[in-house]
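Student: TrEMBL lists these features:
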type	residues	note
DOMAIN	37-90	domain 'PAC'
DOMAIN	91-163	domain 'PAS'
DOMAIN	166-219	domain 'PAC'
DOMAIN	220-290	domain 'PAS'
DOMAIN	293-346	domain 'PAC'
DOMAIN	347-417	domain 'PAS'
DOMAIN	420-473	domain 'PAC'
DOMAIN	474-547	domain 'PAS'
DOMAIN	603-819	domain 'Histidine kinase'
Amino acid sequence: MTPEQLQGDRWIACLHPADRQRTLEAWQTAIRTQTLYEVEYRMQQGRTGAYRWFLARGMPRKDNQGTILHWFGTCTDIEDRKQAEQQLKASEENWRVLAETLPQLVMVARPNNQNEYTNQRWRDYIGFTVEQTQSDRWAYLQFIHPDDREGARAHRQHAQDTGEMYEHEERLRNSQTGTYRWFLTRAMPVYDEAGQLVKWFGTCTDIDEQKRTEQRLKESEENWQTLAETVPQLVWRVQPDSWVDYVNQRACDYGQTTREQLLGHGWHYLLHPDDKERERVTLDHAFRTGIPYEVEFRLREGQTGCYRWFLTRGMPVCDETGQVIKWFGTCTDIEEQKRAEQQLKESEENLRVLAETVPQLVWTTRADNRLDYCNQRYCEYTHAAFEQLQGHGWRQFLHPEEAEGILALRHQTLETGEPFESECRLRNGQTGEYRWFLARGTPVRDETGQIVRWFGTNTDIEDQKRIEEALRQSQERIRALIDSNIIGIVSVEGEEEVLVEANEAFLHLTGYTQEDMRSKTLNRVKITPPEHASFFERAIQEVNARGQHTPLETEVICKDGSRLPVLVGSVIFQERPRQTISFVLDNSARKELEQRKDAFISMASHELKTPLTALKLQTALLHRQLAKQGIPASAPALSNMEGQINKVTRLVDELLDVSKIQAGRLEYLQETVNLDALLREITETMQQTSPSHRIVVRGIVETSLIGDRDRLGQVFINLISNAIKYSPDAKTVEMDLSASEDAVTIQVRDHGLGIPREQCDKIFDRFYRVTDPKQKAIHGLGMGLYIVAEIVKRHRGTITVDSEVGKGSTFTVTLPRKRDA
Ligand code: ADP
């Protein structure tokens, strides 16, 4: 530009538009006030067109009156200074922004400790303004936790004295909440070029979380150790190179050794030699892969020197990068468990052996009812392999009619856990036939009471079922019989023979009622005559021996006290408790008939007796007259006639005796009887009339009895004549006499036909004769032994017979020596 171009106000155009107004104002103010003009502006460089900063200054020159003559001015290029200023401002700006952005509390302090700057965060937290801290160089100590103040002061003093960095962990109070948090306070000294301390730059970093974590870590480490010492296991920690750096006290106690000995690889010496290899392989794998491991091995107990089984578990601990930094582990004593397992195994083994031995089908299922074992017998019966039966396979063998019910029952018992029992049919795999089984299942529980299995058996009850069915049918038949009321039937229970049930026919006969039966107040003794007790005793013996007794003629005492003749037969119906059923037939009609027969016999024999006596007398008379007339030739015929008459007389006598016994009218004399003399007399007489047999008498009784001589004689005559009569082929009949202090015994023995065992008792009954044809061929009426037994009984003696068919019989009569008065 030329000077002309700048004259007047035109220089203004050279200024930066933004500065023109301001510059003009300053200039006008200077003119008006006549003072120094000073202004900074940007002026365009004519050549480049760029603006540069200038400091313009104008000084008025005045005359004596003070009127301005000239203005002298200078423009100094201040572009470089301006730029430097600008940069400093910008950097300061940046620093502040940074200081405000930082998550820390930031402050700048002068060398004398007075704050020069604090960021917003600092002010918010501490609650002090810059000015407040300026008044007292130790003011900041107020917001440090009392416990940390002393440390803080000392550290600061030291930093100031030495000019070293200040670093201190201290708790600072939050002015808003009044609570303290941990901070790491750091202050850095700043020096100028001359090495003079000009400032402290400080930050407080909140490390509260970190502190707490550290604390927690410390506590957890302590807890861990405490835990490790408390647990009932052996606890250890091992470094990744398998170096053991911790073991708990229990481990030392177990090995009876010191911790030092166990650390490192020391513990290996406790390991059972047989388990070393397994342990090594497992650990190698675990350490290589970083996968938790489990291994069982035996460790030697220091005190006993015995090895016990342990379950060892190792667990890796990794850092953030996933690197294993250590392994923690425990060894749990499982000796007992091992033993129990062994025992279980053995007992399972035993169970299996047992299961294979028993005659049942044996099975086990898991808790969900799936079959997991069955014995060989099961496979054989179903003709199926185990694989076909396992799980639910066995169900196919159930009979369709029961299948659903059985499964429902199983379902229910699985829920309730109750043992079950049910009957079902199972198909025989080979024949296709179904048989009945009784299925029984029991749950097996573990120590917590949880069902772990079901154990069961299927017992073949087909035969039992059939028997039951047969029994049911027979019971039905019996019931039908009882209900038919054709004969009286009464059910008797127990040793007391209590009447528990009777049909209408029985009640009708006796007059008792169902109520009498229900009340169970009647028993056999009550309803039978006491004099028949012995008959019943014999009947009971027979029932015990053969399950039943031969019909017994007796009487029932009816409800009204009257006696009803009956025929009773009984059978055992049930053994335990004893139950017998008796059949009762009204015998009164027969009894009456018998009475009439007895009356007839009695009458007939009386009627016969009179003409017989006359006949006998007349024959004797005739005998004598013929002898007188000297006609002996007719004597044999006559004596034959006499013999026949005697026979008939004896017969009639016996008939009379029988009817007297029946009527209870047989009379006995009471006299002293010399038994030896009596027997001698009888045998001599009988030897004369029976030359076919030799009668041998052995022994003597040497005693007298009180009784009826003729009646006793009748006993032995009868026994000897029977012995002769029923031993047609024998040569002798023997009689043995003996005596004891109380009784005399007379035995009559023959070597004849003998008597079948079952008829031995009956031969003493009235009119009873042995049914054997050989015996039948021999004449007789079955009255002799009846009278004999009656006479012996009346003399308080006994008579028994011992006999063998084809060999002979022995009749034994025992008589008391002294009869009671
Ligand atoms: P009987 O008049 O029939 O001989 P008893 O009362 O004397 O009558 O005898 C009854 C039955 O006992 C006889 O019918 C006979 O079958 C049998 N009996 C008696 N004694 C003997 C004997 N000594 N040997 C074989 N059977 C005998």
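Each Cβ is built from the backbone N, Cα and C atoms, and glycine gets one as well.
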Student: Which residue counts does DSSP yield for the domain 'PAS' (91-163) in the helix, strand and coil classes, in that order?
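Tutor: Taking each residue of the domain 'PAS' (91-163) in turn, the totals are 46 helix, 10 strand, 17 coil.
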Student: Treating G and I as helix alongside H, and B as strand alongside E, what does DSSP give for the domain 'PAS' (220-290) in helix, strand and coil?
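Tutor: The breakdown for the domain 'PAS' (220-290) reads 44 helix, 11 strand, 16 coil.
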Student: Just give the helix, strand and coil counts over the domain 'PAS' (347-417), going by DSSP.
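Tutor: Once the DSSP states are binned, the domain 'PAS' (347-417) shows 44 helix, 12 strand, 15 coil.
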Student: Please list the DSSP helix, strand and coil residue counts for the domain 'PAC' (37-90).
Tutor: 12 helix, 30 strand, 12 coil
Student: Counting each residue once, how many in the domain 'PAC' (293-346) are helix, strand and coil under DSSP?
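Tutor: DSSP classes over the domain 'PAC' (293-346) add up to 12 helix, 30 strand, 12 coil.
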